[in-house]
Amino acid sequence: MANVVVVGAQWGDEGKGKIVDWLSEQADIVVRFQGGHNAGHTLVINGQTYKLALLPSGVLRPSKLAVIGNGVVFDPQAFLDEVKKLQGQGVAISPENLRIAENVTLILPLHRELDATRENAAKAGAIGTTQRGIGPAYEDKVGRRAIRLMDLADLDTLPTKIERLLAHHNALRRGLDQPEIDAGQILADLSAMAPHLLPYAESVWRLLDIKRREGKRILFEGAQGALLDVDHGTYPYVTSSNTVAAQAATGTGMGPGAVGYVLGICKAYTTRVGAGPFPTELTNEIGEEIGRRGKEFGVNTGRKRRCGWFDAVLVRQTVRTCGIHGLALTKLDILDGFDSVEVCVGYKLDGKEIDYLPAGEGAQARVEPIYETIEGWKEPTANARSWAELPAQAIKYVRRIEELVGCPVALLSTSPEREDTILVQNPFEA
């Protein structure tokens, strides 16, 4: 399989950035295919920390081509700010090594404002969005009124498209008792940014098709996690896009046959940001300790993550919905030193045992985890780079996870550093 798709197998924040960066050394092209700048990730390379939100991890690798696909919602100002920050850290970013789908949907300030207004008005019913305009931008895309990157190249037709967009948004704003938006200001702002954005514009589906036919290795970089998928996640506490592996095809314009190997990333425990069901959540001192050790705070938002034991039911479900061939297990070192660890092997729902997470919101809130206790390990796993360096009990824990989710571990990460990775099976050679 020449191409690899990386997806989160939990609720996001699984450590995809490090794994993608590690794999990108073997790839020619790294592609983002969904989401926006709401899903940040941190990379530590030679002691230098890089925080990415919108840009593919491939930008940190010289000689690699980074691509933002049509499935992404693209905030022009966030993009320019992120590029400037990374360039200040010595990262070279230009149209030579970064291409953006010309048909990508733009996130505008009005999307961010609407996102925040809705979330604040919802109060106790808030979903927990990042308030960065992701959902409203996807709404406009589906509603066929979005402004796309290619529209900035035609200033004759852009005003008409802005008016069509505002016919919807100004009606919403009147209902929310907010002032209407001036079309002229949006036109002026987009016109000013156009010269800085259009040099990156590309017919991405065509570019990737050419590269694939040339035999180039393509790495598809997913954002967030499969349990936040708008269809297969814990709805309505989900994101506004499809985050499962199949989106790699539609989010780039490539056919399903181009996808190849699917690598699912999951932590050795479970975390979640924001509201929504979390069967194995630990609201005690153990949960606090896991969060402290794992530095479980959002890269972009700084929000504290909820922590819990590994949920094999959920990861097994994700293996099925994403067609995952192998797992990359991260943050095993965070569990070092515990006398024992728990793994969720099933649920009880209204007194009945089940082996999946039901789709209904009420049922998801009522499921109770069934745990299996596994002996812990005292020896450190941190910075291990081979199986021989791992404690025997830690290996047993990994093997039990494989059995429970029905999928082999292909990679094991033992620290944020790129080199602290144990390779079991190379996804590009599987």
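Quick reminder: no glycine exception, Cβ is built from N, Cα and C everywhere.
Site annotation (Swiss-Prot): IMP is bound by ASP13, GLU14, GLY15, LYS16, ASN38, ALA39, GLY40, HIS41, THR130, ARG144, THR239, ARG303, and the candidate from GLN178, GLN224, GLN317 recorded at this site is GLN224.
Across the fold, the C-alpha of THR414 (GTP binding site) and the C-alpha of HIS41 (active site, proton donor) stand 17 Å from each other. The shortest Cα-Cα distance from GLY40 (Mg(2+) binding site) to any of the binding-site residues (LYS18, GLN224, ARG305) is found for GLN224. Ranked by CA distance from GLN224 (IMP binding site), the binding-site residues GLY12, ASP13, LYS18, GLY302, LEU332 have GLY12 at the top as the closest.
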